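Q: My questions all concern the structure below.
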Amino acid sequence: MDLNTLISQYGYAALVIGSLAEGETVTLLGGVAAHQGLLKFPLVVLSVALGGMIGDQVLYLCGRRFGGKLLRRFSKHQDKIERAQKLIQRHPYLFVIGTRFMYGFRVIGPTLIGASQLPPKIFLPLNILGAFAWALIFTTIGYAGGQVIAPWLHNLDQHLKHWVWLILVVVLVVGVRWWLKRRGKKKPDHQA
């Protein structure tokens, strides 16, 4: 079974799972796969939006349920948390939709929104809207980028095994060096 067959068979499920938390890379790759004809563009957008929406909904509910307890654990970031909570109070609609576009806020954003006690009837439709906007934008970028890397992708199957072997050799060399270094540090302790 080649890589293209795997992508065609399991691509949509991988997109849903991959976009549950961060997901920009997965979404871009979904767009590339759509450009290559391995996946259908509308289904890529739908899969990515679904994964992003589910992930953010779970984080929102965790924030709503455990928000105070969770946020107290990040005492050194209290000023940033308070600033974000003020933004949520002033511009809840923009914050809910925009949090998925803010670097570093994709996971903590929905949790903060839940902790702010924004009602679910407001969060859910905004979450759906934001998820579809985010999915459409990043899938489109991936689709456009697919043209740039298309020539390289056609030879990916031929070169994939070489990359896998290279990675395995690097991991093996690093592992052996670490083991020898650790073994060398233990030796003097046994002689003393």
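Note: Cβ is positioned from N, Cα and C throughout, glycine not excepted.
Pulled from Swiss-Prot, these are the listed features:
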TOPO_DOM  1-40  topological domain 'Periplasmic'
TRANSMEM  41-61  transmembrane segment
TOPO_DOM  62-121  topological domain 'Cytoplasmic'
TRANSMEM  122-142  transmembrane segment
TOPO_DOM  143-159  topological domain 'Periplasmic'
TRANSMEM  160-180  transmembrane segment
TOPO_DOM  181-192  topological domain 'Cytoplasmic'
Q: Cβ under 8 Å to the transmembrane segment (41-61), counting only same-chain residues 6 or more beyond its ends: which ones?
A: 11-13, 15-21, 23, 26-27, 30-31, 33-34, 100, 107, 109-111, 113-114, 120, 123-124, 127-128, 130-132, 134-136, 138-139, 143
Q: Please give the sequence-distant neighbours of the topological domain 'Periplasmic' (1-40): residues at least 6 beyond its ends with Cβ less than 8 Å from one of its Cβ atoms.
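A: Long-range Cβ neighbours of the topological domain 'Periplasmic' (1-40): 47-48, 50-52, 54-55, 106-107, 134-135, 138-147, 149-150, 153, 156-157, 160.
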